[in-house]
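Undergrad: My questions all concern the structure below.
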Amino acid sequence: MSESLKSKTVSGVLWSAIERFSLQGVQFIINILMARLLLPSDYGMIGMLAVFLQISQTFIDSGFSDALVQKKDRTETDLSTVFYFNIIISVLLYILLFIGAPYIAQFYRMPELTLVTRIIMLNLIFSSFAAVPKTILTIRIDFKTQSKISLISAIISGTVGITMAYKGVGVWALVVQTLLNALLVTCLFFYYINWRPLKVFSKKSFQGLFSFGSKLLFSRLIHTLYYNLYAIVIGRRYSSAELGYYTRAEQLAIFPSSNINAIISRVTFPILSSIQDDDKRLALVYRKYIRLASFLIFPLMIGLASVAEPLVSFLLTDKWLGTVLLLQILCLDWMLDHLSQINLNLLLIKGRSDLSLRLEIVKKIIATLILIISIPYGIEIMCWGRVLYSVLATYMNSYYTNRLIGLSLKTQLRDIFPSLLLAAGMGITVYYSISLFSSDLLKIIGGVVIGVVFYVMASVILRIGEFKELLLIIKK
(Lines of atoms letter the chains of each structure in order from A; the text may use other names.)
(Lines give C-alpha, C1' and ligand atoms only; values in the text may rest on other atoms or scores of the structure.)
Protein backbone atom coordinates (compact mmCIF):
# COMPACT_ATOMS: atom_id res chain seq x y z
CA MET A 1 0.00 0.00 0.00
CA SER A 2 1.48 3.44 -0.98
CA GLU A 3 2.26 6.01 1.72
CA SER A 4 -0.39 8.39 0.33
CA LEU A 5 -3.03 5.69 0.36
CA LYS A 6 -1.95 4.53 3.82
CA SER A 7 -2.05 8.11 5.16
CA LYS A 8 -5.57 8.65 3.85
CA THR A 9 -6.67 5.33 5.28
CA VAL A 10 -5.20 5.96 8.74
CA SER A 11 -6.66 9.48 8.93
CA GLY A 12 -10.02 8.36 7.61
CA VAL A 13 -10.20 5.34 9.90
CA LEU A 14 -9.24 7.49 12.89
CA TRP A 15 -11.92 10.12 12.43
CA SER A 16 -14.51 7.63 11.23
CA ALA A 17 -13.80 5.58 14.36
CA ILE A 18 -14.09 8.67 16.56
CA GLU A 19 -17.41 9.52 14.94
CA ARG A 20 -18.85 6.02 15.13
CA PHE A 21 -17.70 5.10 18.62
CA SER A 22 -18.23 8.49 20.24
CA LEU A 23 -21.67 8.61 18.67
CA GLN A 24 -22.50 4.99 19.38
CA GLY A 25 -21.02 5.28 22.87
CA VAL A 26 -23.28 8.22 23.65
CA GLN A 27 -26.25 6.48 22.02
CA PHE A 28 -25.47 3.29 23.92
CA ILE A 29 -25.56 5.12 27.26
CA ILE A 30 -28.74 6.96 26.25
CA ASN A 31 -30.42 3.73 25.12
CA ILE A 32 -29.46 1.97 28.35
CA LEU A 33 -30.92 4.77 30.46
CA MET A 34 -34.09 4.87 28.38
CA ALA A 35 -34.45 1.07 28.39
CA ARG A 36 -34.37 1.13 32.18
CA LEU A 37 -37.19 3.69 32.17
CA LEU A 38 -39.29 2.27 29.33
CA LEU A 39 -40.92 -1.12 28.75
CA PRO A 40 -39.94 -3.76 26.15
CA SER A 41 -43.35 -3.16 24.56
CA ASP A 42 -42.44 0.51 23.90
CA TYR A 43 -39.39 -0.61 21.92
CA GLY A 44 -41.54 -3.26 20.26
CA MET A 45 -43.87 -0.58 18.89
CA ILE A 46 -40.96 1.29 17.31
CA GLY A 47 -39.64 -2.03 16.00
CA MET A 48 -42.95 -2.60 14.23
CA LEU A 49 -42.50 0.65 12.32
CA ALA A 50 -38.78 0.24 11.65
CA VAL A 51 -39.37 -1.74 8.46
CA PHE A 52 -41.42 1.08 6.91
CA LEU A 53 -38.92 3.72 8.03
CA GLN A 54 -35.86 1.86 6.77
CA ILE A 55 -37.37 0.82 3.45
CA SER A 56 -38.44 4.41 2.87
CA GLN A 57 -34.92 5.64 3.66
CA THR A 58 -33.57 3.19 1.10
CA PHE A 59 -35.96 4.56 -1.54
CA ILE A 60 -34.99 8.14 -0.73
CA ASP A 61 -31.29 7.56 -1.29
CA SER A 62 -31.88 5.13 -4.19
CA GLY A 63 -28.18 4.26 -4.27
CA PHE A 64 -27.29 7.80 -5.37
CA SER A 65 -24.90 8.43 -2.46
CA ASP A 66 -22.68 5.53 -3.51
CA ALA A 67 -23.11 6.48 -7.16
CA LEU A 68 -21.75 9.96 -6.37
CA VAL A 69 -18.80 8.53 -4.43
CA GLN A 70 -18.01 5.99 -7.14
CA LYS A 71 -18.25 8.49 -10.01
CA LYS A 72 -14.86 10.04 -10.78
CA ASP A 73 -16.08 13.07 -12.76
CA ARG A 74 -19.02 14.15 -10.56
CA THR A 75 -20.29 17.73 -10.95
CA GLU A 76 -22.29 20.28 -8.95
CA THR A 77 -25.21 19.47 -11.23
CA ASP A 78 -25.00 15.83 -10.14
CA LEU A 79 -25.07 16.82 -6.46
CA SER A 80 -27.99 19.22 -6.89
CA THR A 81 -30.02 16.74 -8.92
CA VAL A 82 -29.67 14.08 -6.22
CA PHE A 83 -30.48 16.64 -3.50
CA TYR A 84 -33.84 17.58 -5.07
CA PHE A 85 -34.67 13.98 -5.92
CA ASN A 86 -34.20 12.96 -2.28
CA ILE A 87 -36.57 15.66 -1.05
CA ILE A 88 -39.28 14.91 -3.62
CA ILE A 89 -39.23 11.18 -2.87
CA SER A 90 -39.27 11.76 0.90
CA VAL A 91 -42.38 13.96 0.69
CA LEU A 92 -44.19 11.46 -1.53
CA LEU A 93 -43.34 8.57 0.79
CA TYR A 94 -44.45 10.52 3.84
CA ILE A 95 -47.83 11.23 2.24
CA LEU A 96 -48.19 7.54 1.38
CA LEU A 97 -47.35 6.43 4.93
CA PHE A 98 -49.59 9.11 6.45
CA ILE A 99 -52.54 7.72 4.48
CA GLY A 100 -51.54 4.12 5.18
CA ALA A 101 -51.00 4.58 8.94
CA PRO A 102 -54.42 3.15 9.97
CA TYR A 103 -53.77 0.02 7.90
CA ILE A 104 -50.36 -0.47 9.53
CA ALA A 105 -52.02 -0.19 12.94
CA GLN A 106 -54.69 -2.67 11.88
CA PHE A 107 -52.07 -5.17 10.66
CA TYR A 108 -50.36 -5.21 14.07
CA ARG A 109 -53.70 -4.99 15.94
CA MET A 110 -52.52 -1.85 17.77
CA PRO A 111 -54.75 1.22 17.09
CA GLU A 112 -52.30 3.56 18.87
CA LEU A 113 -49.77 2.99 16.08
CA THR A 114 -51.72 5.27 13.72
CA LEU A 115 -50.64 8.52 15.35
CA VAL A 116 -47.16 7.21 16.16
CA THR A 117 -46.64 6.32 12.49
CA ARG A 118 -47.77 9.71 11.22
CA ILE A 119 -45.44 11.57 13.56
CA ILE A 120 -42.28 9.44 13.43
CA MET A 121 -42.31 9.25 9.63
CA LEU A 122 -41.54 13.00 9.50
CA ASN A 123 -38.01 11.71 10.05
CA LEU A 124 -37.93 10.86 6.32
CA ILE A 125 -38.30 14.48 5.25
CA PHE A 126 -35.78 15.79 7.79
CA SER A 127 -33.18 13.17 6.81
CA SER A 128 -33.56 13.70 3.06
CA PHE A 129 -32.01 17.18 3.29
CA ALA A 130 -28.84 15.78 4.90
CA ALA A 131 -28.07 12.97 2.42
CA VAL A 132 -26.04 14.95 -0.14
CA PRO A 133 -24.06 17.08 2.37
CA LYS A 134 -23.08 13.87 4.14
CA THR A 135 -22.03 12.31 0.83
CA ILE A 136 -19.86 15.35 0.04
CA LEU A 137 -18.00 14.92 3.33
CA THR A 138 -17.59 11.20 2.62
CA ILE A 139 -16.08 12.00 -0.80
CA ARG A 140 -13.65 14.36 0.94
CA ILE A 141 -12.95 11.65 3.54
CA ASP A 142 -13.84 14.34 6.12
CA PHE A 143 -15.17 12.29 9.01
CA LYS A 144 -14.02 14.86 11.57
CA THR A 145 -16.91 17.18 10.69
CA GLN A 146 -19.33 14.27 10.63
CA SER A 147 -18.10 13.33 14.10
CA LYS A 148 -19.01 16.74 15.47
CA ILE A 149 -22.43 16.77 13.84
CA SER A 150 -23.39 13.26 14.93
CA LEU A 151 -22.16 13.69 18.49
CA ILE A 152 -23.83 17.04 19.13
CA SER A 153 -27.14 15.79 17.71
CA ALA A 154 -27.04 12.56 19.71
CA ILE A 155 -26.32 14.31 23.01
CA ILE A 156 -29.08 16.92 22.65
CA SER A 157 -31.76 14.55 21.31
CA GLY A 158 -30.78 11.87 23.82
CA THR A 159 -31.05 14.24 26.75
CA VAL A 160 -34.54 15.25 25.63
CA GLY A 161 -35.51 11.58 25.15
CA ILE A 162 -34.31 10.56 28.63
CA THR A 163 -36.15 13.49 30.21
CA MET A 164 -39.38 12.51 28.46
CA ALA A 165 -38.94 8.84 29.42
CA TYR A 166 -38.44 9.89 33.05
CA LYS A 167 -41.66 11.92 32.82
CA GLY A 168 -43.49 8.71 31.87
CA VAL A 169 -44.60 9.50 28.31
CA GLY A 170 -43.68 5.99 27.11
CA VAL A 171 -43.13 5.41 23.40
CA TRP A 172 -43.29 9.15 22.64
CA ALA A 173 -39.89 9.59 24.26
CA LEU A 174 -38.44 7.39 21.49
CA VAL A 175 -40.42 9.21 18.79
CA VAL A 176 -39.28 12.68 19.84
CA GLN A 177 -35.67 11.53 20.26
CA THR A 178 -35.64 10.12 16.72
CA LEU A 179 -37.16 13.22 15.12
CA LEU A 180 -35.04 15.72 17.03
CA ASN A 181 -31.85 13.86 16.14
CA ALA A 182 -32.69 13.88 12.41
CA LEU A 183 -33.59 17.59 12.50
CA LEU A 184 -30.40 18.57 14.34
CA VAL A 185 -28.19 16.50 12.01
CA THR A 186 -29.68 18.22 8.97
CA CYS A 187 -29.33 21.74 10.39
CA LEU A 188 -25.73 21.13 11.49
CA PHE A 189 -24.69 19.72 8.12
CA PHE A 190 -25.71 22.95 6.41
CA TYR A 191 -24.10 24.99 9.18
CA TYR A 192 -20.72 23.27 8.90
CA ILE A 193 -20.46 22.50 5.18
CA ASN A 194 -19.95 25.25 2.60
CA TRP A 195 -22.37 23.90 0.00
CA ARG A 196 -25.70 25.01 -1.42
CA PRO A 197 -27.57 23.22 -4.23
CA LEU A 198 -27.82 24.82 -7.64
CA LYS A 199 -31.30 25.63 -8.90
CA VAL A 200 -31.15 22.85 -11.43
CA PHE A 201 -32.42 19.30 -11.90
CA SER A 202 -30.66 17.56 -14.78
CA LYS A 203 -32.42 14.67 -16.47
CA LYS A 204 -29.13 13.59 -18.04
CA SER A 205 -27.35 13.61 -14.68
CA PHE A 206 -30.22 11.72 -13.07
CA GLN A 207 -30.19 9.01 -15.72
CA GLY A 208 -26.42 8.57 -15.49
CA LEU A 209 -26.42 8.19 -11.72
CA PHE A 210 -29.58 6.10 -11.70
CA SER A 211 -28.05 3.51 -14.04
CA PHE A 212 -25.66 2.65 -11.19
CA GLY A 213 -27.85 3.60 -8.24
CA SER A 214 -31.03 1.83 -9.35
CA LYS A 215 -29.44 -1.60 -9.18
CA LEU A 216 -27.97 -0.72 -5.82
CA LEU A 217 -31.39 0.54 -4.72
CA PHE A 218 -33.07 -2.77 -5.43
CA SER A 219 -30.21 -4.70 -3.84
CA ARG A 220 -30.47 -2.68 -0.65
CA LEU A 221 -34.25 -2.73 -0.76
CA ILE A 222 -34.24 -6.51 -0.83
CA HIS A 223 -31.60 -6.61 1.94
CA THR A 224 -33.52 -4.14 4.14
CA LEU A 225 -36.83 -5.89 3.61
CA TYR A 226 -35.31 -9.24 4.52
CA TYR A 227 -33.80 -8.12 7.82
CA ASN A 228 -36.97 -6.26 8.79
CA LEU A 229 -39.07 -9.25 7.80
CA TYR A 230 -38.12 -10.80 11.14
CA ALA A 231 -39.59 -7.83 13.00
CA ILE A 232 -42.77 -8.03 10.91
CA VAL A 233 -43.21 -11.76 11.60
CA ILE A 234 -42.41 -11.48 15.33
CA GLY A 235 -44.59 -8.37 15.73
CA ARG A 236 -47.51 -10.04 13.99
CA ARG A 237 -47.14 -13.56 15.47
CA TYR A 238 -45.98 -12.70 19.00
CA SER A 239 -46.39 -9.83 21.49
CA SER A 240 -44.84 -6.36 21.27
CA ALA A 241 -42.77 -7.27 24.37
CA GLU A 242 -41.20 -10.26 22.57
CA LEU A 243 -40.48 -8.04 19.60
CA GLY A 244 -38.88 -5.64 22.08
CA TYR A 245 -36.57 -8.45 23.27
CA TYR A 246 -35.60 -9.23 19.68
CA THR A 247 -34.97 -5.61 18.67
CA ARG A 248 -32.91 -4.99 21.83
CA ALA A 249 -30.84 -8.14 21.14
CA GLU A 250 -30.34 -6.96 17.56
CA GLN A 251 -29.24 -3.49 18.70
CA LEU A 252 -26.71 -4.90 21.16
CA ALA A 253 -25.36 -7.51 18.72
CA ILE A 254 -25.06 -5.08 15.84
CA PHE A 255 -23.10 -2.53 17.90
CA PRO A 256 -19.51 -3.88 17.65
CA SER A 257 -19.62 -5.50 14.20
CA SER A 258 -21.55 -2.89 12.27
CA ASN A 259 -19.55 0.00 13.70
CA ILE A 260 -16.16 -1.45 12.82
CA ASN A 261 -17.44 -2.63 9.45
CA ALA A 262 -19.02 0.78 8.76
CA ILE A 263 -15.80 2.58 9.71
CA ILE A 264 -13.74 0.44 7.36
CA SER A 265 -16.34 0.46 4.55
CA ARG A 266 -16.90 4.23 4.64
CA VAL A 267 -13.19 4.96 4.54
CA THR A 268 -12.13 2.24 2.10
CA PHE A 269 -14.93 2.67 -0.45
CA PRO A 270 -13.73 6.05 -1.79
CA ILE A 271 -10.07 5.02 -1.39
CA LEU A 272 -10.41 1.64 -3.10
CA SER A 273 -12.57 3.21 -5.81
CA SER A 274 -9.50 5.26 -6.75
CA ILE A 275 -7.51 2.04 -7.49
CA GLN A 276 -10.40 0.04 -8.94
CA ASP A 277 -8.54 -0.60 -12.22
CA ASP A 278 -5.49 -2.21 -10.56
CA ASP A 279 -6.75 -5.69 -9.64
CA LYS A 280 -3.51 -6.93 -8.10
CA ARG A 281 -3.14 -3.92 -5.84
CA LEU A 282 -6.84 -3.99 -5.02
CA ALA A 283 -6.63 -7.61 -3.89
CA LEU A 284 -3.61 -6.94 -1.65
CA VAL A 285 -5.21 -3.93 0.02
CA TYR A 286 -8.53 -5.77 0.34
CA ARG A 287 -6.90 -8.70 2.14
CA LYS A 288 -5.32 -6.31 4.60
CA TYR A 289 -8.71 -4.76 5.38
CA ILE A 290 -10.35 -8.17 5.77
CA ARG A 291 -7.69 -9.35 8.22
CA LEU A 292 -7.82 -6.16 10.27
CA ALA A 293 -11.64 -6.13 10.45
CA SER A 294 -11.72 -9.79 11.51
CA PHE A 295 -9.02 -9.24 14.14
CA LEU A 296 -11.20 -6.58 15.75
CA ILE A 297 -14.70 -7.96 15.21
CA PHE A 298 -14.26 -11.63 16.18
CA PRO A 299 -13.15 -11.05 19.81
CA LEU A 300 -15.75 -8.33 20.34
CA MET A 301 -18.65 -10.49 19.15
CA ILE A 302 -17.55 -13.67 20.92
CA GLY A 303 -16.74 -11.66 24.05
CA LEU A 304 -20.17 -10.02 24.00
CA ALA A 305 -21.86 -13.42 23.71
CA SER A 306 -19.77 -14.72 26.64
CA VAL A 307 -20.88 -11.98 29.06
CA ALA A 308 -24.41 -11.52 27.65
CA GLU A 309 -26.36 -12.61 30.74
CA PRO A 310 -24.63 -10.46 33.39
CA LEU A 311 -24.44 -7.57 30.91
CA VAL A 312 -28.18 -7.56 30.19
CA SER A 313 -29.08 -8.06 33.85
CA PHE A 314 -26.82 -5.23 35.04
CA LEU A 315 -27.46 -2.66 32.30
CA LEU A 316 -31.12 -3.26 31.46
CA THR A 317 -32.43 -4.96 34.65
CA ASP A 318 -34.04 -8.40 34.85
CA LYS A 319 -37.11 -7.34 32.85
CA TRP A 320 -34.91 -7.68 29.73
CA LEU A 321 -33.51 -11.18 30.44
CA GLY A 322 -35.58 -12.53 27.54
CA THR A 323 -32.97 -10.82 25.36
CA VAL A 324 -29.98 -12.94 26.47
CA LEU A 325 -30.26 -16.09 24.32
CA LEU A 326 -31.30 -14.09 21.26
CA LEU A 327 -28.31 -11.81 21.78
CA GLN A 328 -25.88 -14.73 21.97
CA ILE A 329 -27.19 -16.24 18.73
CA LEU A 330 -27.22 -12.91 16.88
CA CYS A 331 -23.62 -12.27 17.94
CA LEU A 332 -22.65 -15.24 15.74
CA ASP A 333 -24.72 -13.84 12.90
CA TRP A 334 -23.10 -10.40 13.02
CA MET A 335 -19.65 -11.89 13.55
CA LEU A 336 -19.91 -13.43 10.07
CA ASP A 337 -21.73 -10.54 8.43
CA HIS A 338 -18.68 -8.30 8.05
CA LEU A 339 -16.88 -10.80 5.81
CA SER A 340 -19.96 -11.08 3.63
CA GLN A 341 -20.33 -7.31 3.37
CA ILE A 342 -16.65 -6.68 2.63
CA ASN A 343 -16.90 -9.06 -0.33
CA LEU A 344 -20.12 -7.43 -1.50
CA ASN A 345 -18.51 -3.98 -1.41
CA LEU A 346 -16.06 -5.09 -4.07
CA LEU A 347 -18.87 -5.28 -6.63
CA LEU A 348 -19.67 -1.61 -5.98
CA ILE A 349 -16.01 -0.59 -6.13
CA LYS A 350 -15.75 -2.29 -9.54
CA GLY A 351 -18.97 -0.57 -10.63
CA ARG A 352 -20.84 -3.89 -10.94
CA SER A 353 -24.09 -2.95 -9.24
CA ASP A 354 -25.83 -5.26 -11.74
CA LEU A 355 -24.08 -8.26 -10.18
CA SER A 356 -24.90 -6.93 -6.72
CA LEU A 357 -28.61 -6.88 -7.59
CA ARG A 358 -28.57 -10.34 -9.16
CA LEU A 359 -26.74 -11.79 -6.18
CA GLU A 360 -29.03 -10.08 -3.68
CA ILE A 361 -32.14 -11.54 -5.32
CA VAL A 362 -30.79 -15.10 -5.23
CA LYS A 363 -29.55 -14.78 -1.64
CA LYS A 364 -32.79 -13.33 -0.32
CA ILE A 365 -34.89 -16.04 -1.96
CA ILE A 366 -32.78 -18.59 -0.06
CA ALA A 367 -32.96 -16.48 3.12
CA THR A 368 -36.75 -16.16 2.94
CA LEU A 369 -37.11 -19.92 2.56
CA ILE A 370 -34.94 -20.40 5.67
CA LEU A 371 -37.14 -17.92 7.57
CA ILE A 372 -40.40 -19.57 6.47
CA ILE A 373 -39.13 -23.01 7.53
CA SER A 374 -37.99 -21.70 10.94
CA ILE A 375 -41.11 -19.68 11.89
CA PRO A 376 -43.09 -22.57 13.50
CA TYR A 377 -40.18 -23.39 15.83
CA GLY A 378 -39.95 -20.06 17.65
CA ILE A 379 -37.85 -16.92 17.73
CA GLU A 380 -34.62 -18.70 18.79
CA ILE A 381 -34.68 -21.03 15.77
CA MET A 382 -35.47 -18.06 13.53
CA CYS A 383 -32.27 -16.42 14.80
CA TRP A 384 -30.27 -19.60 14.12
CA GLY A 385 -31.66 -19.41 10.59
CA ARG A 386 -30.01 -16.01 10.28
CA VAL A 387 -26.66 -17.53 11.24
CA LEU A 388 -27.07 -20.18 8.54
CA TYR A 389 -27.91 -17.50 6.00
CA SER A 390 -24.78 -15.48 6.92
CA VAL A 391 -22.62 -18.53 6.20
CA LEU A 392 -24.26 -19.06 2.81
CA ALA A 393 -24.15 -15.34 1.96
CA THR A 394 -20.42 -15.15 2.67
CA TYR A 395 -19.78 -18.07 0.33
CA MET A 396 -21.92 -16.59 -2.44
CA ASN A 397 -20.49 -13.06 -2.17
CA SER A 398 -16.92 -14.35 -2.28
CA TYR A 399 -17.62 -16.13 -5.58
CA TYR A 400 -17.62 -12.81 -7.43
CA THR A 401 -14.64 -11.51 -5.46
CA ASN A 402 -12.70 -14.45 -6.87
CA ARG A 403 -13.98 -13.82 -10.39
CA LEU A 404 -13.25 -10.08 -10.37
CA ILE A 405 -9.85 -9.85 -8.65
CA GLY A 406 -8.79 -13.46 -8.10
CA LEU A 407 -9.33 -13.44 -4.33
CA SER A 408 -10.84 -16.80 -3.34
CA LEU A 409 -12.85 -17.65 -0.23
CA LYS A 410 -10.17 -20.18 0.69
CA THR A 411 -7.56 -17.41 0.77
CA GLN A 412 -9.83 -15.20 2.85
CA LEU A 413 -10.58 -17.98 5.34
CA ARG A 414 -6.88 -18.65 5.67
CA ASP A 415 -6.34 -14.94 6.38
CA ILE A 416 -8.97 -14.75 9.14
CA PHE A 417 -8.44 -18.18 10.74
CA PRO A 418 -5.81 -17.05 13.31
CA SER A 419 -8.13 -14.30 14.59
CA LEU A 420 -11.09 -16.69 14.73
CA LEU A 421 -9.10 -19.29 16.66
CA LEU A 422 -7.83 -16.71 19.16
CA ALA A 423 -11.30 -15.24 19.65
CA ALA A 424 -12.84 -18.68 20.22
CA GLY A 425 -10.21 -19.53 22.84
CA MET A 426 -10.79 -16.18 24.50
CA GLY A 427 -14.58 -16.68 24.53
CA ILE A 428 -14.38 -20.12 26.16
CA THR A 429 -11.97 -18.79 28.79
CA VAL A 430 -14.19 -15.79 29.59
CA TYR A 431 -17.44 -17.80 29.69
CA TYR A 432 -16.18 -20.24 32.30
CA SER A 433 -14.06 -17.73 34.25
CA ILE A 434 -16.86 -15.27 35.05
CA SER A 435 -18.72 -17.93 37.08
CA LEU A 436 -16.05 -17.34 39.75
CA PHE A 437 -17.41 -13.83 40.39
CA SER A 438 -20.45 -13.14 42.56
CA SER A 439 -22.10 -9.99 41.17
CA ASP A 440 -23.09 -9.04 37.61
CA LEU A 441 -20.79 -6.01 37.64
CA LEU A 442 -17.78 -8.09 38.70
CA LYS A 443 -18.61 -10.67 36.03
CA ILE A 444 -18.63 -7.96 33.36
CA ILE A 445 -15.42 -6.30 34.53
CA GLY A 446 -13.71 -9.65 35.10
CA GLY A 447 -14.82 -10.94 31.71
CA VAL A 448 -13.51 -7.85 29.89
CA VAL A 449 -10.15 -7.90 31.70
CA ILE A 450 -9.65 -11.64 31.20
CA GLY A 451 -10.68 -11.40 27.55
CA VAL A 452 -8.40 -8.47 26.73
CA VAL A 453 -5.39 -9.97 28.53
CA PHE A 454 -5.92 -13.35 26.84
CA TYR A 455 -6.32 -11.87 23.35
CA VAL A 456 -3.43 -9.42 23.58
CA MET A 457 -1.00 -11.94 25.11
CA ALA A 458 -1.93 -14.61 22.57
CA SER A 459 -1.52 -12.09 19.73
CA VAL A 460 1.96 -11.16 20.97
CA ILE A 461 3.08 -14.75 21.58
CA LEU A 462 1.79 -15.97 18.22
CA ARG A 463 3.05 -12.83 16.45
CA ILE A 464 -0.26 -11.95 14.82
CA GLY A 465 0.46 -9.36 12.11
CA GLU A 466 -2.82 -7.49 12.54
CA PHE A 467 -1.94 -6.70 16.17
CA LYS A 468 1.25 -4.97 15.03
CA GLU A 469 -0.67 -3.16 12.27
CA LEU A 470 -3.23 -1.93 14.79
CA LEU A 471 -0.49 -0.63 17.10
CA LEU A 472 1.04 1.30 14.19
CA ILE A 473 -2.33 2.89 13.36
CA ILE A 474 -2.82 3.91 17.01
CA LYS A 475 0.70 5.41 17.22
CA LYS A 476 0.11 7.48 14.09
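Even glycines carry a Cβ here, placed using N, Cα and C.
No curator has checked TrEMBL annotations; they are predicted automatically.
Keep in mind that what you see is a predicted model, and the values were worked out from it rather than measured.
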Undergrad: Examine the ranges 28-49, 116-137, 380-401 and name the one recorded by TrEMBL as transmembrane segment.
TA: 116-137
Undergrad: Checking distant contacts: for the transmembrane segment (441-462), what same-chain residues at least six beyond its ends satisfy Cβ-Cβ under 8 A?
TA: 299, 303, 306-307, 310-311, 314, 418, 422-423, 425-427, 429-430, 433-434
Undergrad: Per the definition of 3+ C-beta pairs under 8 A with sequence separation of 6 or more, do the transmembrane segment (416-434) and the transmembrane segment (289-308) touch?
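TA: Answer yes: the transmembrane segment (416-434) meets the transmembrane segment (289-308) with 3 or more Cβ pairs below 8 Å.
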